[in-house]
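A.B. asks: Features from Swiss-Prot:
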- 1610-1640: coiled coil (COILED)
- 1-478: region 'Globular terminal domain' (REGION)
- 23-67: region 'WD40-like repeat 1' (REGION)
- 68-107: region 'WD40-like repeat 2' (REGION)
- 108-149: region 'WD40-like repeat 3' (REGION)
- 150-195: region 'WD40-like repeat 4' (REGION)
- 196-256: region 'WD40-like repeat 5' (REGION)
- 257-300: region 'WD40-like repeat 6' (REGION)
- 301-329: region 'WD40-like repeat 7' (REGION)
- 479-522: region 'Flexible linker' (REGION)
- 523-1694: region 'Heavy chain arm' (REGION)
- 1214-1523: region 'Involved in binding clathrin light chain' (REGION)
- 1551-1694: region 'Trimerization' (REGION)
- 537-681: repeat 'CHCR 1' (REPEAT)
- 687-829: repeat 'CHCR 2' (REPEAT)
- 834-973: repeat 'CHCR 3' (REPEAT)
- 980-1125: repeat 'CHCR 4' (REPEAT)
- 1129-1270: repeat 'CHCR 5' (REPEAT)
- 1275-1421: repeat 'CHCR 6' (REPEAT)
- 1424-1567: repeat 'CHCR 7' (REPEAT)
Amino acid sequence: MTNLPIRFQEVLQLTNLGIGSNSIGFSTLTMESEKYICIRETTPDDKNNVVIIDTDNPSQILRKQMKTDAAIMNPKEPILALKIGQVLQLISIEQKMQLKSCQMQEPLEFWKWISPNTLALVTATSVFHWTKEGNSDPVKVFDRHPDLQNTEIINYRSDSTQNWLVLVAIHQRDGRVVGRIQLYSVEKQISQSIEGHAACFANYIVPGATRPSTLFAISSRTQNASKILVLEVSKGDGPNFQKRASDVFYPPEIGASDFPVAMQVSEKYEVIYMVTKLGYIHLFDLGTANLIYRNRISNENIFVTAFEESTNGIIAVNRKGQVLSVSIDDKNIIPYICNTLNNLELAISMACKNNLPGAEGLLTTQFERYFQQGQYKEAAKVAADSPGSILRNLQTIQKFQSIPPIPDQPSALLQYFGMLLEKGKLNKVESLELVRPVLAQGKKPILEKWLTEDKLECSEQLGDEVRPHDRKLALSIYYRANASDKVITLFAETGEFDKIIAYCKKFNYKPDFMFLLQRMANANPMGAADFAVKLVKEEGGPYIDANQVVELFSARNMIQETSNFLFAILDGDRPQDANLQTKLLEINLLHAPQNADAIMGGQKFTHYNRLRIGGLCEKAGLYQRALEHYTDLADIKRVLSHAGHMVNQEFLVSYFGSLNPEDRMECMRDFLRTNPRQNLQLVVAIAVSYSDQITPEAIIAMFESFRLYEGLYLYLTQVVVTSTSPEVHFKYIEAAAKINQFKEVERMCRDSNYYDPEKTRDFLKEAKLPDQLPLIIVCDRYEFISDLTNYLYKNNLSKYIEAYVQKINPVNTPLVVGALLDLDCQEDYLRNLIMSVRNMCPADSLVEQVEKRNRLKLLLPWLEARVAEGNIEPAIHNALAKIYIDSNKNPEAFLLHNQFYDSKVVGKYCEKRDPYLSFVAYKRGLCDYELIEVTNKNTLFKNQARYLVERQDPDLWAYVLSDQNEYKRSLIDQVVQTALPESTNATEVSATVKAFMDANLPNELIELLEKIVLEGKEFKTAKELQNLLILTAIRADKSRVTDYINRLDNFDGSKLAPIAIESQLYEEAFFMYKKFQFNVEAIDVLITHIGSIERAHDFAERCNQTEVYSKLGVAQLKAEMVKECIESFIKANDTEHYQEVVAAAERKDEYEDLVKFLQMCRKKIKEPAIESELIFAYAKVNKLAEMEDFINSPNSAHIQVVGDRCFENGLYEAAKVLYTNISNFSRLTSCLVKLGQYQAAVDAARKANSTKTWKEVSAACIDAKEFRLAQVCGINIIVHGDELEELIRQYEDRGYFNELISLLESGLASERAHVGMFTELAILYSKYKEEKLMEHLKLFYSRLNVPKVIKACQANQQWPQLTYLYIHYDEHDNAIQTMINHSIEAWDHVLFKETIPKVAKLDLYYSAISFYLEEQPLLINDLLSVLSPRIDHTRAVTLIRSLGHLPLVKPYLVSAQDQNVAALNEALNELYVEEEDYESLRSSIDANSNFGTIALAQKLEKHELLEFRRIAAYLYKKNNRWAQSVELSKKDKLYKDAIQSASDSKNPAIGEELLQYFVDQQNNSAFAACLYTCYDFLKPDAVIELAWRNNILNYSFPYLIQYVKEYTTKVDQLVDDFKARQKKTEEEKEQQNIESSQYQPDLTNLSYGYAATGGMLALPPAVGYQQQQQPQQMYNPNQMMGGFQQNYNQYGGF
């Protein structure tokens, strides 16, 4: 089931959850959605429970004990509806409370949730809707149709808008289940009864539409047909949906018991799921009603289903308790539709709409086909609809760009982009390609519109394209595309630095912390290091570059802090930290090598500068670390030469893995060159470890160059086990042989499958080993038997030859014998050798080898010995046969009686020696084709013919009788003359005849058959042979047919006559039929083939058979001989062709004769069609009295149909009689209208009560100006909304406006008055009686189609009425716009104020402000008070300012200032300045900070009033412009303000300048006050100098005394701190000396390459590196950070 188009699974098994099978049924189980299943169950102890199962959590079953008649769960929420008697309740399960209840007046028969908010209730007579919100009772929606009375309701559905409803019921009739559906329109309030079993609604977007239509799907199974029907009940904004229908297949074996029970629609896939009672699932395409898939999903009856939203499928429950889920399989549905259904159009449509895989090739092919055919619009549509980027890519765009433009037509590329924009959003590539030409043409508004509608995918590249044209637009694109760098760049270019900061905070952009860090490094180095670590490691960071921190610390010689910082931030091993890792290791190698070694040993860092660190390691004596870091071969050789013996061998083997193969080989050669014996084991170990990298060939060459075969053997011993290289295996064999490891040579030759056999063979020959077994093994394995035999024979090693054939491989004895024969070995030796092998030698090969050399007789003793032993091998007997044939030793007897030789082999051997013996051998072995060939070559045709007759092989006959056989004629002669006449076997004769037939030899077959049938005696009366003879003559020699018919009597004429007809032997066929009394067939030949109706008439007269007359009548009918054919049919009493006769009579207008014929037919059969035609014939011949008598008598005629025919043929009087007879008042009305009887027509129309009839009479009365009667008709028409527009058009086209208005006004009193009537009357008032329009709108507004009336008012420029409609239709934007544009007629201030807050388009606020400022300026503040909460104050103030009315709106500005908007604040401040209201200005500044403070200060500092200049100084101080603030205060002699500004600045320069000013002004009090206020930042030396120079020390003493007191306190604190630190340092040094004295290293007991303690290398320092002698310390990696200070002290610091 992996390739099915559906996913099918069992969701739950209710019986496994403890639900009894008696509780699983339609009356006890409900499922309104996939979420809940609700069950009423009765326990064994008669307790009633309601069980609620949440399918998402089926293990948590909610079981409530309650007695209820029915229960149903809300599809979405945990709300339970209960029915107890006629009381309904809604209960919230979560809140455990009753939400609402009601009492039904009638018993409830069915209920269902049609939405999460509405519960539908069905009683015996009506349908109600009950909403779960509020306290309302159920509301009646419609009455049940009479057709649904006494039926069982099984379903109730609604569309998404609840404008269409459908009620589904079933009942029993004639032993089958009949379905009945009531479709109800809420808008039209009408019902329709339809036959059907299941129905549903769906929203569907018709191609070419943007708004969906509502489709209604219905499935039914009647006694005659089973169908599914899809039709449109509510139209969208596109073309009409064409009704679709499809047959539904039900397996014949299930009978009439199955029928549809439910239908669900997946609007995503546009698929209808239909489920039948017996468990069949049908999937139909919604748009075409075509069947997609059908299968059985349940063997039990399914009784309830629901739509499964999670999978867009269907969920169902069967009687067994299985909860089943069926949905579309996204992966398989499209391949299934393509491959199984072969519906490529549906596959493409579904794939495009749902982005499903499987149709890529179809789409591409379709696109290419359209494109190549020049159908670019269709190609563009295919590309636009295609999913993903299959076609929506750059290549497609380039294809459309390459199309040359066509004059006066839009380009193909433009059409393509237009379709893409209609489809939705463009992708990145499409957006770029579309924007480029738009920008080139300067059409920025279009681009802005697309961005507003989200039609383009924003990207950085798109922003780059837009940026040269519009930076603001590019900024918007960058922002949407998250191109932060470009956003920051644009902000910087425009000087919007505040926005940069805000953007950085929002998107975690890094500010510059370097300045702060520099200041901290000078004051608190350790604190700076900690802070730097936090900046780098902080979440969301790093906020600062670590390299810059290192440079900063290093420049200040903060070594310890740098090391601590680096070790703290380097948590992971990242490539970007390479410089930092290098710096960390460099510091420690220079000052603490042990720590560096520990760090490198932890392998925490790998990205540092390895060359730099390697050199430092070598200088520090860490040779192993140096080797790990060096990559240059010269460096490596240097270290190995100086300290190779001090490095561990295991490390060296491992280390060699880091070298490239060339360097590795160079080092190994150095080892072997300097001391091969000492270094051999090391080199072998290295070679084995890195054999694959160096390649075995290179290593072998290296060992061979030093002639170290022992080393080569040791190396290959390790490698050969896993190697598949032929060279490796050969070299191993060679090395083993050279060091005399012969057993290993033998083992490898036997076990290895990889060495080169020829090369190994040649080596072993040349080596001349003491034992030839390895050579024998190689030659035997690789079939070098001839070489082996030559080598052994020429070297006199015969014992190895005998041992080989006798013990090692006797099977190869033939090859050995052949080789020895070629060497002219003695025959006695060969016979003895062969006999010693006996039957172990294969006979066929031995015979072949000997026979090739013409020495076959050599084997005769051996062959006869084998036969004597009972050997039955064909090769042995073949050889004996050949020997006997050559020696002529009674060969024919041997060939006839020996059963074991191969006939083909021996026959072939005899062909040139004795052809007859070859024939004997071939015949014995049934070698057909060989026998044919040898007899053809040797003209043995008689033997061949007898063999063929006896053989009876059709294939063989076909072979010899083919045209390619040049001996065919000779063979046929022998068969006809000798072989077949000799045969008395009927089977042989039959096989031979059949062979001639199959070979298509008709003349030869006739010759053969005449020989057998006409001349022979035994087969003369054979019926089959007579038939065959005549048949062959028909096909081969037509002239003989008549003679054969006369001479032969035992043939089958009924079978041969049709064949004769096929061969156009019509007279012969007629003669055959006539000879054997087949009269019907005979006349048929005369009519059909000979074409003589006259001969046929004479023949019929002679025969006088009814069947013959029937045939004749049919022929006459076809010949349009109407009178004659009617006569013939009457004689034949044949009514079968009455329809054709009627049609012919109508064509010839022979109704008089037709009446006779139909009267004859009516006597024989009572067919409604015959009686109907008889009535019409009466009407045509104007026999109305006979017609009326006939229709009043019992009859089964279709009087309605006949009446319609009479009406169509203008026989109105006859039609009137017929319609009156059947009371068809609708058609009767039409007749009366044609006859001009209008009053009678109105009376008949009233009885018909049909809209169509009323329309017909109305139109006739209007044309006849019978307005009273027309109004009677119109009253019955206008109540139908669909007909109203046409009726209005009829009146208006004829200019009867008053009559039309009178008609509609009279119709408003009707109970059936609808929206359309009120609407159309309003439109008529608008057109013709404007004075009545407003009154009509106010009285009947709620019953109007407002958009339609709005359109009429617009067309007729009725602005007050239009404004009224806009407001009541909630189109407040249009209402405001109308009042603004047409203020003289439509504006009303109160109405305007009430409406303006409700508008959606914000631009209207500002249009309203402009409107009021221009036309109603005194009411502007009243308007602004309403708009204030909603408008952009900045924009509003800018607008008012531009119009010059700022003072007019001061009340608005004051009331809105709490919003703290810059433009608003600045405008109000401007007004305060103009009004010289400094108090209000100061209050405004303090309360609101959002305005241009500097600009205002600059403006105020020149103001003539002091208080405004003081405010300017205050503003400078608030903006940290201390110097300007102080200077302004000094000018106005506001010394207190100046001193306070200087104090707030904390700037010593400003303070000193102010002191100097007071000294210059000799204002000593102000000088002292300034010292007191600015004490914390003034420098004492400057203060003392200034006071001393101006002789005012007394005024400075308070400052000096306070400063001395503070300074001495700080010095005392520093002295105490220094003493404490000194004491602590001494204690640490003492402890350090104690630890150093406890350990003395033993330098005499060192391991190979490593010190005995701690594993550190104990080597002298490198040349040129002066290392200070310090006691060696025990290293503890866990205390590394704590030990930094100690190591710094040991190495003397930095």
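Cβ atoms here come from the backbone N, Cα and C positions, even for glycine.
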A.B. asks: Using DSSP, break the region 'WD40-like repeat 7' (301-329) down into helix, strand and coil residues and give each count.
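C.D. replies: Counting residues per DSSP class in the region 'WD40-like repeat 7' (301-329), I get 0 helix, 20 strand, 9 coil.
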A.B. asks: Sort the residues of the repeat 'CHCR 1' (537-681) into helix, strand and coil with DSSP and give the three counts.
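C.D. replies: In the repeat 'CHCR 1' (537-681), the DSSP-based counts are 107 helix, 0 strand, 38 coil.
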A.B. asks: Applying the under-8 angstroms CB criterion, which one of 537-681, 980-1125, 1129-1270, 1275-1421, 1424-1567 scores highest with the repeat 'CHCR 2' (687-829)?
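C.D. replies: Ranking 537-681, 980-1125, 1129-1270, 1275-1421, 1424-1567 by Cβ pairs under 8 Å to the repeat 'CHCR 2' (687-829) puts 537-681 first.
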A.B. asks: Which bits of the chain, at least 6 residues beyond where the region 'WD40-like repeat 6' (257-300) starts or stops, bring a Cβ under 8 A of a Cβ in it?
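C.D. replies: Sequence-remote neighbours of the region 'WD40-like repeat 6' (257-300) are 4-6, 8, 154-155, 170, 177, 179, 197-204, 215, 217, 219-221, 228-230, 244-246, 248-250, 306-307, 312-314, 316, 318-320, 322, 324, 326-328, 333, 336-337, 341, 343, 346, 349-350, 353-354.
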A.B. asks: Please give the sequence-distant neighbours of the region 'WD40-like repeat 3' (108-149): residues at least 6 beyond its ends with Cβ less than 8 Å from one of its Cβ atoms.
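C.D. replies: That would be 32, 70, 72, 74-77, 79, 81, 83, 86, 88, 90, 99-100, 102, 155-158, 162, 165, 167, 169, 180, 182, 184, 186, 189, 191, 193.
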A.B. asks: Please indicate, using numbers and ranges, the residues of the same chain that are 6 or more beyond the region 'WD40-like repeat 7' (301-329) and have a C-beta under 8 Å from a C-beta there.
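C.D. replies: Beyond its ends, the region 'WD40-like repeat 7' (301-329) has Cβ neighbours at 4-15, 19, 21, 24-26, 29-34, 37, 55, 75, 261-262, 264-266, 268-269, 271, 273, 275-279, 281, 283.
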A.B. asks: How about long-range neighbours of the region 'WD40-like repeat 2' (68-107): same chain, 6 or more residues beyond its ends, C-beta under 8 Å?
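C.D. replies: Same-chain residues near the region 'WD40-like repeat 2' (68-107) but 6 or more away: 30, 32-33, 35-38, 40, 48, 50, 52, 62, 113, 115-116, 119, 121, 123-126, 130, 132, 134-135, 137-138, 306.
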A.B. asks: How many of the residues that make up the region 'WD40-like repeat 1' (23-67) does DSSP mark as helix, as strand and as coil?
C.D. replies: 1 helix, 20 strand, 24 coil
A.B. asks: Take the region 'WD40-like repeat 5' (196-256) and count its residues per DSSP category (helix H/G/I, strand E/B, coil), listing them in that order.
C.D. replies: 3 helix, 29 strand, 29 coil
A.B. asks: Over the repeat 'CHCR 1' (537-681), what does the predicted model average in pLDDT?
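C.D. replies: Taking every residue in the repeat 'CHCR 1' (537-681) and averaging pLDDT yields 79.
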A.B. asks: Could you tell me how many residues in the repeat 'CHCR 7' (1424-1567) are helical, how many are strand and how many are coil under DSSP?
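C.D. replies: So the counts come to 111 helix, 0 strand, 33 coil.
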